[in-house]
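Following: one structure in structure tokens, then a few remarks.
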Amino acid sequence: MANKYTTNEVLNTSLPVVAEITIYTLMSIFDLMIIGRYGGNIAVSAVGLSNNLTNAFIEVFISGGFCISIVSLVSRLVGAGKYKNAERFASLGFILGIGFCLIITIVVFFFGKELLYLLGARNEILKIGYSYIKINSVGLFFFMSMRLLNSILIGYGNTFIPFVCSLIVLFIKIILNYLLVFGIVFNTRGIDGSAIASTVAYLCGFVFCFYYTVFKSQVKLKLIYIFSVCFNDIKRILVLAIPCSMEEAAFSISKLMCVSVIIKSGSVSFAADAIANMIEGISVMPSIGFGIAVITLVGINVGKRDYRQAKKVAFNCAFYAAAMMSIFAIIFLFIPNLLVDLFVNNNEKKVAYLAGKCLAIGAAEQPFIGLSLVFAGALKGIGDVKSPFLISCFTSWIIRLPLTYYFINVLNSSITAVWWITAFQWGVDALLMFIFFEYKSNKVSNGSKGSLI
């Protein structure tokens, strides 16, 4: 009966998160499809590079930083029955996060062109990318704020409302994309039309989440807590947020640097890599979803001091994540070209061929991604945010980046070499995350104070 309960608990919490993140990924894929049909591989390269840049900011400071700290703190406090404290830290985390959202928006809006240039964008790619990223920076503020609100809900186990919010954003974005990019009803806005559609959609999603979190949520957002804040409260959030942000920074910055290496190999290779990564993003979303949900599930049980159950839900999440990733691995291995053809014009044969090869190679890393993200999330649920950071530093900077530079710049290898390197990186990452979780969870269950509320 306990096993059945654990399975239901895992699936009921995890699947809405998986669905939510999958929807956001599908939106990005839909954008790339529309842009690819409208402007070809130059447009795909420009928007792909712009998205890589903005996603790095979001993942490092918001989704991978403040959001994770909010989920970890709220879940453990809710598990311990301390709802008032949960509201206080949730509200403070949101306020601190909003400050960073504003800073990111200003930086991207005013210095987007310089940042794209540093990443290797030139000529038409730089022109298109800057126009797109300047408009999209406004929408990013609402998207990041929405993610902060969602983390409060996820912290106490409410993963359904964030899923509903993603559906609202999807519906608005799809309609406006068609109307603005291709000039249906309105004048044709092209690539800029996609950025405008995103901004409006994210604004609507933010309004919905803000209303629910303030008036309906079990753990409510109460901005009045800003007047009773103390240094220790801020420190408690930052102690979690900073290592989480540094972990994402280690991964995202190394990924951006790899992108800057890849783009020098030509627009065909870069477009192929961008398309393959976008398609692979579908398979990664279940792992990210389980990785986020496991923070809540482990955190709540740690708050209850039921460490055995915390470990059990972690392994359940790992099993389902790896199983779902394996299904995608089979699809990528046997029908990669069928998926790639959805994103390229008939005259982009070289891009399609390379993207198909990259995707087939990427099948090897899928189960490892699932295991890595889930055990990293389980560590954060316990309260250990330093171990995932150290592991990410090692695999990103010692394995992925040097090997990518060597094979692309020194040996002039094909873009497919990067995908073999990434598969090796994820394998090492998954093994280390598992070893550290086993060690930390056993240490906690034996009476360590490191995980206490």
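Every residue, even glycine, has its Cβ placed from backbone N, Cα and C.
Record features (TrEMBL):
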- 15-35: transmembrane segment (TRANSMEM)
- 56-77: transmembrane segment (TRANSMEM)
- 89-111: transmembrane segment (TRANSMEM)
- 160-186: transmembrane segment (TRANSMEM)
- 193-213: transmembrane segment (TRANSMEM)
- 282-302: transmembrane segment (TRANSMEM)
- 314-339: transmembrane segment (TRANSMEM)
- 389-408: transmembrane segment (TRANSMEM)
- 414-437: transmembrane segment (TRANSMEM)
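Scored on C-beta pairs under 8 angstroms, the neighbour of the transmembrane segment (89-111) with the top count among 15-35, 56-77, 160-186, 414-437 is 56-77. Below 8 angstroms of C-beta separation, residues 83, 85-86, 89-90, 93-94, 96-97, 100-101, 104, 107-108, 140, 143-144, 147-148, 150-152, 154-157, 219, 236-238, 240-242, 244-245, 247-249, 251-253, 255-256, 292, 295-300, 302-303, 380-381, 383, 385, 453 of the same chain, each at least six residues beyond the ends of the transmembrane segment (56-77), sit close to that stretch. Taking every listed stretch (193-213, 282-302, 314-339, 389-408, 414-437) in turn, the largest tally of C-beta pairs under 8 A with the transmembrane segment (160-186) is reached by 193-213.
The transmembrane segment (15-35) makes contact with the transmembrane segment (282-302), as judged by at least three Cβ pairs under 8 Å among residues 6 or more apart in sequence. Residues of the same chain lying 6 or more positions beyond the ends of the transmembrane segment (414-437) and with a Cβ under 8 Å from any Cβ of it are 258, 262, 265, 269, 272-273, 276, 314, 354, 357-358, 361-362, 364-365, 367-369, 371-372, 375-376, 378-379, 384, 387-388, 391-392, 394-396, 399-400, 403-404, 407-408. Only residues 6 or more beyond the boundaries of the transmembrane segment (282-302), in the same chain, are considered here, and those with a CB under 8 A from a CB of the stretch are 9-10, 13-15, 17-22, 24-26, 29, 68, 71-72, 74-76, 78-79, 154-157, 159, 309-310, 313-314, 317-318, 320-321, 324-325, 328-329, 332, 366, 369-370, 372-374, 376-378, 380-383, 444, 451.
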